[in-house]
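Here is what TrEMBL says about this protein:
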- A:12-32: transmembrane segment (TRANSMEM)
- A:39-59: transmembrane segment (TRANSMEM)
- A:65-88: transmembrane segment (TRANSMEM)
- A:95-113: transmembrane segment (TRANSMEM)
- A:152-169: transmembrane segment (TRANSMEM)
- A:195-218: transmembrane segment (TRANSMEM)
- A:274-295: transmembrane segment (TRANSMEM)
Amino acid sequence: MSVLFDILGSVGMWEAVLRIATPLILGTLGVLLCERVGVLNLGIEGIMAFGAMIGWLTVYQGGDLWTGMLAAALGGAAFGFLHALLTVPLGLSQHVTGLGITLFASSFAYYVFRLAVPTASSPPTIDPFQPLSVPVLSEIPFLGPVLFNQTAPTYLAVAFVALIAWGLYRTPLGLAVRMAGENPHALDAQGIDPIWLRIGTIMAGSALMGMGGAFLTLSAFNSFFPTMIQGRGWVCVALVVFASWRPGRALLGALLFALFDAFQLRLQTVVDGVPYQLFLMMPYLLSIVALIIMARRARVPQALMQPYRRGER
Amino acid sequence: MTRVLELSHITKRFGAVTANEDVSLHLDRGEIVALLGENGAGKTTLMSILFGHYTADEGTVRVEGQELPPGRSRAAIRAGVGMVHQHFALAPNLSVLDNVMTGTEPLWRLRSDRAAGRAKLVALSERFGLRVDPDALVSDLSVGECQRVEILKALYNDARILILDEPTAVLTAQEAESLFATLRQMTENGLSLIFISHKLHEVMSASDRVVVLRRGCVVAERRTSETSREELAELMVGRKVERPARAPAVPGRVLLEAVDLSLHGKGGASLHDVSFRLRAGETLGIIGVSGNGQTTLAGVVSGLYPPSSGSLSVDGRAVTRHTVPDAIAAGIGRIPEDRNAEGSIGDMTTWENAVLERIWSPDFSARGFVRRAAARKATADILARYDVRGASVDGRIRLLSGGNMQKLILGRVLEAGPDILVAAQPSRGLDEGAIAGVHARLLEARGRGAGVLLISEDLDEVIALSDRIRAIVNGRLSPAIPAGRANAQLLGLMMAGDWSAAERIEAETHDAL
């Protein structure tokens, strides 16, 4: 028992929570934007892989770290555009298109990686983002290192939560986005074209997914390998439901999942006689439980997964 | 009189179908014009062209002298044209204020001025008597309130010309009346209105001028004060329409008897100690304003809900199991109030919908397999015999118009030869021709010896079809009066809960029944 308390009391574990949560926060916000405007984006798993690769490759080729982030965002937006084109004006099945994007983007990522690095047997590395201590605040005992000794993209991800919450609930554009996900006919009747709004928002959301992927290669680790997303994208899709499509709760959900993950990682090292795979399973299992509790009261965007065609109901 | 709107020589074709041909129409300030026509006459197409949802093939639209660019709803909104759609364009998960403010501010502003929006909305709703809570979620509003939000949306966009597409299609009679009072008040505030309708009585009572559309062409234009219901009916349909007359009843044995039925909280309203008898070969009309328990009553009789107390007997036998299959087996046929939600499954085919209620009968299934050929044939028979147009046996039922879907439902019910027919709001939303058809069928069933329980809020319909009439008020049934003694005033009193006159009449005529 005391082992558990040791883990829960360690600064190291809590510091890891925010780090593990960062790609989830970015990815969840991305899915949230897409779904709020009415389109499911299951391309996230592949878009994150592509973002991780292109971000890493940009830096590996001599670009600086922020240029890498930007490249990941642009790459994500490009795949978002493809997804939007197929699902919005063409109205194809969003499930099938999303899965197709995932398969395509992850394979394409590995292909480009192999073109760039044809021979290396162990993945080459770059110099990743270093922790950025916020003056004064990082001196606070316990909370300081946990919250204010993270890398820059982590602060950025948290800032995005506030930005998107403000955008969705306080600006005319955000209201239009929410309306497009609830009733695009009403939006059209007010003279705003839901098609373009959906395309644009999906691209923005996918850019966030790309950045979430790039965090893995540019901050959490320092190299790219093809299986590194490990289902994080799917977790984001579930977290959006957990969050009832609200940015603040999305942050909460990502932190909770990250907490389970950080906890089981440490548990693996101290508990003997139990296969470690059992611990690996834990965050997912707990997520399902949390989803069952939270999602029953969720208000699903009414037009989610319904293609919009003018003059048709 | 200032001319605020002028449509000139509008023609619109969809492939080979001409929806509007050389239609011209104008609207003066402060005027209410009714655009009258049957379903499919091209009314909605015309208004969609005006509002920029469609582009006309020929013709122009002028608002206050300025020509509108075709196909741009934004331009129409800016010019002061507001449209209230028949199917509300609202988002149920968002608040009233959100719904009203969408698209009214420049999109790229960093902060939406919700305080100003709220003030404007509240001011408008007070000025026009359209009471609504800006922070309520639309999903919590009644249908009438939703419509108020739709109108407020148009007014919020500074509309000076308002177009209402079949505004009363989903409203109760009372809500409709208060809507028209509001509209009249709006014209006094300088607005000009066009409303689309196929209901003669509301056109007669609420408009200044009527434009009649038939098969895409304007066939007549009349000042409302100078025309009559009969003339308009004939102009609209293109021939004389007469609702069928009722032959005297030959009441037989008691088919359905309810004694002190009570039920709380199902179907929207409660029932309290409801007792009535329905005999073979007669129609019992139950009139009442929506929400007074008639939906619950229909549900109890057709087996949807068991009563919490009291008893129901069919043909002398007490009903012990209150389920829909048992009710169907006992010979109770049901025409549900909401044909889209309860009467059909939109994405299933016509034949599946036609036989679903009787799928377990040996006619349509054997050894766990559906007898598709038999089911298709039965459906084809219904389509032919009940004159269901625009339907194919294998097509999705969603594609049918309201009138044709109602014919199919009637056919489905009547083909089973029910002893008791529960018809809830059977002609709601239908046009004149279709109503006449539905009425003829109901009278036919009665003539065949069935007992018809007619639930309706349309006075004319109840008087025309019923042998006896009861009103339902707050879940209680009034005394029954014979249809011969019924008039609008008496029924109005009964619906308002004043039953003294009805009690006297029932006592006088009791022996006769």
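Each position is counted from 1, following the chain as shown.
For all residues, glycine too, the Cβ spot is worked out from N, Cα and C.
Please treat TrEMBL annotations as automatic predictions, because they have not gone through curation.
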Proximity verdict for the transmembrane segment (A:12-32) and the transmembrane segment (A:195-218), three or more C-beta pairs under 8 Å: yes
Stretch-level contact, the transmembrane segment (A:95-113) and the transmembrane segment (A:274-295), CB cutoff 8 A, at least 3 pairs: no
When counting Cβ pairs under 8 Å to the transmembrane segment (A:65-88), the leader among A:39-59, A:152-169, A:195-218: A:195-218
Positions whose Cβ lies under 8 angstroms from the transmembrane segment (A:152-169), at least six residues beyond its ends: 18-19, 22, 25-26, 29, 32-33, 36, 69, 129, 132, 177-178, 208, 211-212, 214-215, 218-219, 246-248, 250-251
